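Lifted from Swiss-Prot, the feature list:
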BINDING   H108, C153, H156, M161  Cu cation binding site
DOMAIN    71-168  domain 'Plastocyanin-like'
TRANSIT   1-70  transit peptide
Amino acid sequence: MASVAAAAVSVPSFSGLKAETKAAPARLSSTSVVRMAPVVRASASSDALKTVGKALLAASSSLLLVASANAATVKMGGDDGALGFYPKDISVAAGESVTFVNNKGFPHNVVFDEDAVPAGVKTEDINHEDYLNGPNESFSITFKTPGTYEFYCEPHQGAGMKGVVTVS
């Protein structure tokens with residue numbers, strides 16, 4: 001029968017002590033395989049970055065042109081069915097367009113008051129007297145002459161469906 005003897009062990013305190021670790025040297029056997037990461041030439045990498053940079057520049061320039069071509073969008077009628085233009089006050093630069101979109105499907109149009117447009121502007125050139133009857137029907141007007149343009153919806157003018165475009 002085997003006997004087990006117990007021994008008293010004292011454990012020192014390790015507060016403030018730092019353990020030192022050393023890695024054992026690696027040993028390779030004759031059958032070890034070493035793989036190396038692929039090497040990328042700096043010029044190939046910078047050429048790729050230049051190409052990506054040019055593509056991003058072209059894409060952002062295109063977006064800016066699209067954004068300036070459609071400077072503002074005005075909903076004809078509110079999301080809740082209210083009669084109005086949203087927003088009712090619009091500011092654009094000369095040469096920019098405003099797109100009017102029928103929001104809910106009530107018949108709407110846009111008529112400019114001939115006494116409330118800049119001198120020399122012919123309202124018949126910018127009025128859209130035909131009704132937009134369906135949701136998402138739209139048209140755009142490009143404003144060339146700086147000034148203030150007051151407009152309204154003919155069937156809903158009495159309900160306060162009016163707006164102003166300010167062209168700088």
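Please read every residue number as a count from 1 along the shown chain.
Even glycines carry a Cβ here, placed using N, Cα and C.
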Neighbours of H108, C153, H156, M161 excl. site residues, C-beta within 8 Å of centre, Cu cation:
M76, G77, L83, G84, F85, F106, N109, Y152, E154, P155, Q157, A159
In which DSSP state, out of helix, strand and coil, do we find H108 (Cu cation binding site)?
strand
What same-chain residues, at least 6 away in sequence, bring their CB to under 8 Å of the CB of H108 (Cu cation binding site)?
M76, G77, F100, N102, Y131, L132, C153, P155, H156, M161
Would you count the other C-beta atoms found within 10 angstroms of the C-beta of M161 (Cu cation binding site) for me?
22
10 Å Cβ neighbour count around C153 (Cu cation binding site)?
26
